[in-house]
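Per Swiss-Prot, these features apply:
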- His474: active site, proton acceptor (ACT_SITE)
- 7-36: FAD binding site (BINDING)
Amino acid sequence: MTTREFDYIICGAGSAGNVLATRLTEDPDVTVLLLEAGGPDYRFDFRTQMPAALAYPLQGRRYNWAYETDPEPHMNNRRMECGRGKGLGGSSLINGMCYIRGNALDYDNWSTHKGLEDWTYLDCLPYFRKAETRDVGPNDYHGGDGPVSVTTSKPGVNPLFEAMVEAGVQAGYPRTDDLNGYQQEGFGPMDRTVTPRGRRASTARGYLDQARARPNLEIVTHALADRILFSGKRATGVTFLHGSARVTAHARREVLVCSGAIASPQLLQRSGVGPGEWLRELDIPVVLDLPGVGRNLQDHLEMYIQFECKEPVSLYPALKWWNQPKIGLDWMINGTGLGASNHFEAGGFIRTRDDDLWPNIQYHFLPVAINYNGSNAIEMHGFQAHVGSMRSPSRGRVKLKSRDPNAHPSILFNYMAEALDWREFRDAIRATREIMHQPALDRFRGRELNPGADLKSDNELDAFVRARAETAFHPSCSCKMGYDDMAVVDNEGRVHGIDGLRVVDASIMPIITTGNLNAPTIMIAEKIADKIRKRKPLERSNARYYVANGAPARGGKPARAPAAV
């Protein structure tokens, strides 16, 4: 491949990069080179295409960068997983397919930061709608003709879903019929990025499928970006590794970095943009001393609160190899059955204290007892809640360890570094126990398997969190948007102090959102795509949305009080 020129070069064909590639090439006179370090999203590989197989990609390295943190000092010095997607679709190719946009107040809070006034919820909502096709049709909150297929939960799938939602309501928390609609707060059905044919709705399927045949888009897989090239303070191209060759491509307009919250700061640092002292440690020529690159790293940490199930209604039999051929065949031929769901079909968001302005705890309900990555399956019928805090004050960093593009960076999330983290996790465990002991779950609830009913004191609960809490795989905020001294990009994703260079992915979030990150990342890319194309922003929404405004976290008394559990 000889040196060539394109208008735009996109590094990373993930949740954001595929959106940009598709939208920019809608203009036939614009040429785009899309680089992806992984391979194609093979449509016959059940590991990425079958929703129920979501744990499989995390167990290997074909589709997973399989990063690992440095020893986390507040987590028994454990080196913890940090899985990131590798292949067309990026992390949308291996994620849990939960379609959660975040709380309206996440975006309203962003907009209070200097220069981010056009990132309110009502400014963002039109872009969420633009990206989405929801199976039950559009309304003020949801789209009907976007690239991403969103499937709603249907009643009667598993009695544990309805029982867990009802238990949350019986504990005094709100019920909501749409976690992405008027009111996120409460318990209810969970939307999923799954097609009507029961396939994963990655951005490769939703976006690239409509763009890959365009003559003005070139997609190169197995292309690992090495460095961004500069002329003075202007980005001019990218050098990447493709097989045994080192290839250079030039960008007439811009280089767009969409490599995610780990690899985007890594690429910037390797290219000479980042904290000067870090770059000098590796003898990297400093193009721009930008101290925020790799700082402000955030994630969601979660626990699995697990119970034995007294009735044989869980997914436990589906884990047995002798039942899996039938499940796979039903999915492959009909796009239905257990294989067609990620089985996160209910969940919720609550405030654990009345003075929380919006939900600080998320629930994913699952009708089986197993770790997210498929490990530690409990050998019995069981169910669980994935529970974690949403906006930890702890901050970490991504730091380059080597100039070798194949070397992983040093990653430290610094989980549980603040007193608020510990308070929220203790509150979450106690609130979950109270929910699980409500009458709606009486017929199903057996023994508490994890943490175990005998663990009650603060010290005992803290020890459980240190030993057993895991990542929810939501790294973000490491190239934050804003205008303070630690901001990396402006409100349009443009890197401060550099021309022709943007970062567009979850790394530019100033503060992590309340929930899963795939939907917000797609929205961010849709919004910035209009900025790049110099198009008028979509008209601001006037939809109503819920604000607690001092209302108690629980609107009613629990059906069964804590003293009785």
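Cβ atoms are placed via backbone N, Cα and C, with glycine included.
Swiss-Prot feature annotations superimposed on the structure.
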{"residue": "Asp7", "record": "FAD binding site", "Cβ contacts under 8 Å, 6 or more apart": "Leu24, Val30, Thr31, Val32, Ala251, Arg252, Arg253, Glu254"}
{"residue": "Cys11", "record": "FAD binding site", "Cβ contacts under 8 Å, 6 or more apart": "Gly17, Leu35, Ala225, Ile228, Val238, Phe240, Val255, Leu256, Val257, Cys258, Ser259, Leu267"}
{"residue": "Ser15", "record": "FAD binding site", "Cβ contacts under 8 Å, 6 or more apart": "Gly89, Gly90, Ser91, Ser92, Thr203, Asp505, Ala506, Asn518, Thr521, Ile522, Ala525"}
{"residue": "Val19", "record": "FAD binding site", "Cβ contacts under 8 Å, 6 or more apart": "Ala131, Thr203, Tyr207, Ile522, Ala525, Glu526, Ala529"}
{"residue": "Arg23", "record": "FAD binding site", "Cβ contacts under 8 Å, 6 or more apart": "Ala525, Glu526, Ala529, Asp530, Arg533"}
{"residue": "Asp27", "record": "FAD binding site", "Cβ contacts under 8 Å, 6 or more apart": "Arg533"}
{"residue": "His474", "record": "active site, proton acceptor", "Cβ contacts under 8 Å, 6 or more apart": "Asp299, His300, Ala506, Ile512, Asn516, Leu517"}
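Other C-beta atoms found within 10 angstroms of the C-beta of Leu35 (FAD binding site) number 25, with every protein chain shown included. Residue density at Thr31 (FAD binding site): 22 other Cβ atoms are found within 10 A of its Cβ, drawing on all protein chains shown.
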